[in-house]
Amino acid sequence: QHHGVVCYMILWQKFVKFLYAFCFSASYINITNLSVSGHRMRHYKPVIWMILTATISEVRLTGGVGPWEGTVEVYTDGSWGTLCDYDFDLKDARVVCRMLGFGREIQFFPLAKFGQGVGKSLFSYLSCSGNEQNIGSCGYRKSTCSHSQDVGISCVRTNRLETTEGIRLIGGTGPYEGTVELNVNGQWGTICDTNFDKHDADVVCRMAGYTRAIQAFSNAHFGHGNGSSMLYNVHCSGNEDHLDSCGSNGWFSSTCTHDNDAGVACLDSGRKSISQGVQFVGGTGPHEGTVEINVNGEWGTICGSYFDMNDAEVICRMAGYSRALQAYSNAHFGPGNGSVILSTLKCSGNENIVDSCGSDGWYKTGTCAHSTDAGVVCLRIRLVGGAGPFEGRVELNINGQWGTICDNSFDLPDAEVICKMAGYSSALQSFTTGHFGVGAGPIYLDSLQCSGHERHLDSCASSGLFKISSSCQHSDDVGVACLSGNRTDVVQGVRLVGGFKQWEGRVELKVNGQWDTICGYSSGFDIDDAKVICRMAGLSTSGKVQVFPNAYFGRGTGPVLLSGLTCAGHEDNIDSCGSDGWYKTGSYCGHQYDVGVSCPDDNPFG
């Protein structure tokens with residue numbers, strides 16, 4: 001039944017639809033969704049069509065592997081019939097899937113892909129918006145098609161909104177890499193590699209439960225997958241959570257063979273950095289050898305093509321060394337293990353990890369073989385003879401031999417650079433005249449003149465490697481005390497020891513985990529200094545503050561840390577006060593001059 005005449009004028013040219021509606025009677029215009037296939041029109045002239053509606057009481061899919069796919073058959077006016085594929089699209093398929101109770105459409109198929117249906121071909125040029133509950137509400141034309149043009153569809157077989165039910169990576173060395181296979185309605189299939197890139201791989205890895213992709217692969221890098229090639233020309237931005245949100249030529253539209261299966265390598269275990277470790281093999285010690293990088297628990301090498309000192313600097317830094325001495329290619333230390341996983345590394349030398357350097361991409365190594373493996377020799381530094389690894393005589397290892405530095409012109413800025421090379425945040429003090437004992441082996445450097453901002457000693461002025469003064473002996477070996485950890489404050493604690501009350505006693509400071517004292521020789525410690533100590537100890541300074549020199553509360557142990565302290569009294573930490581410098585206490589400052597304080601006695605103690 002028709003409750004009014006609705007007239008549509010269709011202007012068609014080169015398969016682009018422009019719809020204009022014009023009513024030929026005095027009644028109002030009522031335009032609804034209309035879809036037209038231009039290949040059925042033989043003349044470029046206006047055509048007037050009647051848009052019909054029908055009562056569709058039932059719909060079914062036949063000829064597929066399950067009720068979710070097959071040739072579309074509809075029941076109307078007491079008989080079953082089919083739909084012609086003319087101008088049928090995904091919006092029409094969506095309405096059919098909705099009528100069947102499935103979550104969403106996957107794809108439509110022309111030319112009786114699932115076999116010819118029963119009855120007559122009833123409708124063509126279906127024009128659904130996709131929001132209808134029944135295709136009878138969509139516009140259509142009476143069909144003149146044969147069953148060879150029966151349309152079929154595939155729906156998501158559950159109430160899921162995502163097309164895929166699962167994803168897996170096969171053929172790799174672990175579950176985090178391999179040929180991509182997707183499960184759609186219980187069947188596994190692959191992705192064609194046409195235009196498949198890192199952005200697409202990021203989405204695949206996210207779907208598989210990994211943080212992100214390391215690399216995308218084409219040409220069945222990990223071997224052929226199973227089933228059919230399901231997706232073609234995928235183009236994701238990389239931010240999507242599912243391939244359904246990416247552009248493509250549509251599900252099951254691929255004509256690719258398994259020779260073009262796409263693969264991915266994902267970053268395992270929620271890590272943010274790709275490289276998870278570095279080691280050197282084949283050298284004379286752990287400081288040199290062929291470079292091997294650990295990615296996803298497996299070791300691989302770096303192609304030596306274009307590998308230079310800037311790249312070696314970053315590799316040595318990753319391995320915990322201060323700098324590189326030499327970069328090698330062509331498997332100088334012998335071939336490494338696993339795959340060649342990086343080539344054409346382009347580091348500036350300032351990076352902390354190779355992930356931050358340019359390259360051809362992980363696993364994109366071209367024809368590189370282990371015969372081109374890169375190698376390095378790193379500079380080692382150690383501090384010997386101190387109370388802990390943070391202090392001692394400075395020794396450098398060059399070409400496998402430990403040697404020292406002569407103390408001519410050696411000062412705190414030089415010590416700053418050495419402490420940073422050794423992995424500490426800053427220097428507390430520089431030492432001369434073999435303070436931590438005499439070393440052995442060569443004396444490598446003399447007359448250092450660092451500003452304190454350099455990353456390694458090579459950037460400082462000096463006499464040059466092995467170019468030392470004839471007067472330099474191991475009795476002139478330099479030493480340093482570094483601030484351990486990543487702290488900015490030198491003093492990590494203060495306590496008062498040996499007093500009669502909790503607010504009085506010998507002053508002891510905790511530096512680098514050790515408790516040491518302050519020298520008060522010759523009135524070198526006064527009330528203003530004591531106020532800062534009381535404040536650091538969490539005690540009051542509002543009442544009477546007293547100073548007790550000459551080990552009044554007993555002698556301490558360990559080093560005497562400070563002398564010549566000159567606080568103004570308002571500082572929160574003695575780091576901010578002047579002094580002779582940490583550990584610069586002179587030979588006269590023994591524990592017999594350890595200072596003590598008494599803070600005001602109005603401090604509450606529980």
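Cβ atoms here come from the backbone N, Cα and C positions, even for glycine.
Quick look at what TrEMBL annotates:
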DOMAIN    59-156  domain 'SRCR'
DISULFID  C128-C138  disulfide bond
DOMAIN    167-267  domain 'SRCR'
DISULFID  C192-C256  disulfide bond
DISULFID  C205-C266  disulfide bond
DISULFID  C236-C246  disulfide bond
DOMAIN    278-379  domain 'SRCR'
DISULFID  C347-C357  disulfide bond
DOMAIN    381-483  domain 'SRCR'
DISULFID  C450-C460  disulfide bond
DOMAIN    494-600  domain 'SRCR'
DISULFID  C567-C577  disulfide bond
**Study point:** Mean per-residue pLDDT computed across the domain 'SRCR' (59-156)
**Key:** 95
Exercise for review: Using the structure shown, find which entry in C128, C246, C266 (the disulfide-bonded residues) has the sparsest Cβ neighbourhood within 10 Å.
Suggested key: C246
Review point. In the structure shown, with every protein chain counted, which of the disulfide-bonded residues C205, C450 has the densest set of Cβ atoms within 10 angstroms of its Cβ?
Key: C205
Study note, to complete from the structure: CB neighbours within 10 A of C192 (disulfide bond), counting all protein chains shown, number 25
Check your understanding: Taking only the disulfide-bonded residues C205, C567, C577, which one has a CA atom nearest to the CA atom of C347 (disulfide bond)?
Key -> C205
Check your understanding: Non-local Cβ contacts of C236 (disulfide bond) (under 8 Å, 6 or more apart, same chain)?
Key -> H199, D200, D202, V203, L243, S245, C246, G247
Check your understanding: Where C567 (disulfide bond) and C266 (disulfide bond) are concerned, what is their Cα separation in Å, rounded?
Key -> 58
Exercise for review: Give the residue from the disulfide-bonded residues C138, C256, C460 that has the most other Cβ atoms within 10 Å of its Cβ, counting over every protein chain displayed.
Suggested key: C138
Point to revise | Cα separation, C357 (disulfide bond) to C256 (disulfide bond) (Å, whole number) | key: 35
Check your understanding: How many whole Å apart are the CA atoms of C460 (disulfide bond) and C266 (disulfide bond)?
Key -> 43
